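Visitor: What TrEMBL records for this protein is below:
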- 138-252: domain 'Pentatricopeptide repeat-containing protein-mitochondrial' (DOMAIN)
- 86-120: repeat 'PPR' (REPEAT)
- 156-190: repeat 'PPR' (REPEAT)
- 191-225: repeat 'PPR' (REPEAT)
- 226-260: repeat 'PPR' (REPEAT)
- 261-295: repeat 'PPR' (REPEAT)
- 296-330: repeat 'PPR' (REPEAT)
- 366-400: repeat 'PPR' (REPEAT)
- 401-435: repeat 'PPR' (REPEAT)
- 436-470: repeat 'PPR' (REPEAT)
Amino acid sequence: MDACCLVRRHLHPPLQLPPLQRLTLGRRCRHRSVTIAVAFCSTAPDHHRERPWESYDRDIQPHAGSDLARSLQLLADMQAAGMRPSAAAYARLIRALARAGRALEAEALLLEMRHLGLRPDAAHYNALLEGLLARAHLRLADRLLLQMADDGVARNRRTYMLLLDAYARAGRLEDSWWVLGEMKRWGIRLDTAGYSTLVRLYRDSGMWKKATDLIMEMQEVGVELDVKIYNGLIDTFGKYGQLADARKMFEKMRGQGIKPDIETWNALIRWHCRVGNMKRALRFLAAMQEEGMYPDPKIFITIINRLGEQGKWDELKELFDKMRNRGFKESGAIYAVLVDIYGQYGHFRDAQECVAALKAENLQLSPSIFCVLANAYAQQGLCEQTVSVLQLMEAEGIEPNLVMLNLLINAFSTAGRHLEAQAVFQHIKDSGMSPDVVTYTTLMKAFMRVKRYEKVSEVYSEMERAGCTPDRKAREMLHDASVTMEQMGCY
């Protein structure tokens, strides 16, 4: 049975685009008001008519990605002057609006095109599809595909690649197989990016052995393995404990003249730390620094944890000295603070002292640095210090973002303080922010820790209602909570 028929059975009707008629659309948001005028103004001021069509259309396109408000104003001025943009300009605007999370306005532009007699093509549908998938609105994306089929617009390589990437990220195996089947049916071959997505799908689905078969398949069809493919394979082997295969892949990568990037080194260090092979992990860390790179804070926290468990703080101090000598003074200062947070000496158990130490190093404080510090405290369940980091961040004139608030939820979750975690979650919603998958999943973890299993199900349902696609971790927690409740006789 055709996939469209299956979708029609289980979904609402497709987006109902009206027939060609006079249509005026308006959208009002909390922080901004945007009106997309469709009807032409017959009594436009003279200064609008003086500007040529090419000037409007040429200015709309480049500013759509960098200054969306200006592009929309140009669109309004253009329409007030009795002109309309080109199909390429519409595609740029639809993509920009969709990427900014303003899917309703992007859809309104698609409707406007139909009203004006401009037939939207695959580029316009793909632009809206990309935005919906980026925001994990998979059901809306499915409905858009139905509308695309009803309008007789054929899906192309871009359509299928967007779907494959989104389905792989969401862990939707059956949908991913369907996309691959459709691509094969229409003679669309996977490119390097497609194979990279497939490697990620196998990694997240526990099918690491299939990742090995991909190498032979790629060689048979003549697709070159790039650094992204190799990174995916190394990460896949490492995740499932096949470190010997991961190292072989690393050597093969270098043998083909492909230079490892920071993701390559991070994966090798992370998975060797995970199994406690610190000797090899530190060897990769040294080689990474020889290449002029250094790990991101999360990887370094893993190293700190493992060496700290083994009581090897002197080795960590020695690493910092080497990093400073190589010119990584800024990173060395950040990592030194992290060591003291995790270390046995407890020099910087107070967040204010941490920030003061970084300032003494003449380090420019940025949101990422505050996130590093907040994450370090959060992982230990030091809630007060995590809150203190946010307060210090605000004192520096930096507005806490969703990432920081997610870290705060995580800190309360780790400490078993679910009520505070729930309060932060409510603060996020009251502030006008949209909780993401990390927010919901972290809150679910907080309730799991205090055995409030019924709340886990409630948060999961709220996540789905908000249009967020639950990730694998959320689904596993829901399953565990449901099984536990069933065993307790709670339904």
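In case you wondered, yes, glycine gets a Cβ from its N, Cα and C as well.
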Visitor: Could you tell me what the rest of the chain brings near the repeat 'PPR' (226-260), counting residues at least six beyond its ends with Cβ under 8 Å?
Guide: 192-193, 195-196, 199-200, 202-203, 206, 208, 211-212, 214-215, 218, 267-268, 270-272, 274-275, 277, 291
Visitor: Determine which residues of the chain contact the repeat 'PPR' (191-225) at the Cβ level, with the cut-off under 8 Å and only residues 6 or more beyond its ends counted.
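Guide: Residues 161, 164-165, 168-169, 171, 173, 176, 180, 232-233, 235-237, 239-240, 242, 245, 253, 256, 258, 472.
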Visitor: Would you kindly list the residues that approach the repeat 'PPR' (436-470) from elsewhere in its chain, counting only those six or more residues past its ends and only Cβ-Cβ distances under 8 Å?
Guide: 135-140, 170, 402, 405-406, 409-410, 412-414, 416-418, 421-422, 425, 428, 477-478, 480-482, 484-485, 488, 490
Visitor: Could you tell me how many residues in the repeat 'PPR' (226-260) are helical, how many are strand and how many are coil under DSSP?
Guide: 26 helix, 0 strand, 9 coil
Visitor: What are the DSSP helix/strand/coil residue counts across the repeat 'PPR' (401-435)?
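Guide: For the repeat 'PPR' (401-435), the helix, strand and coil counts are 26 helix, 0 strand, 9 coil.
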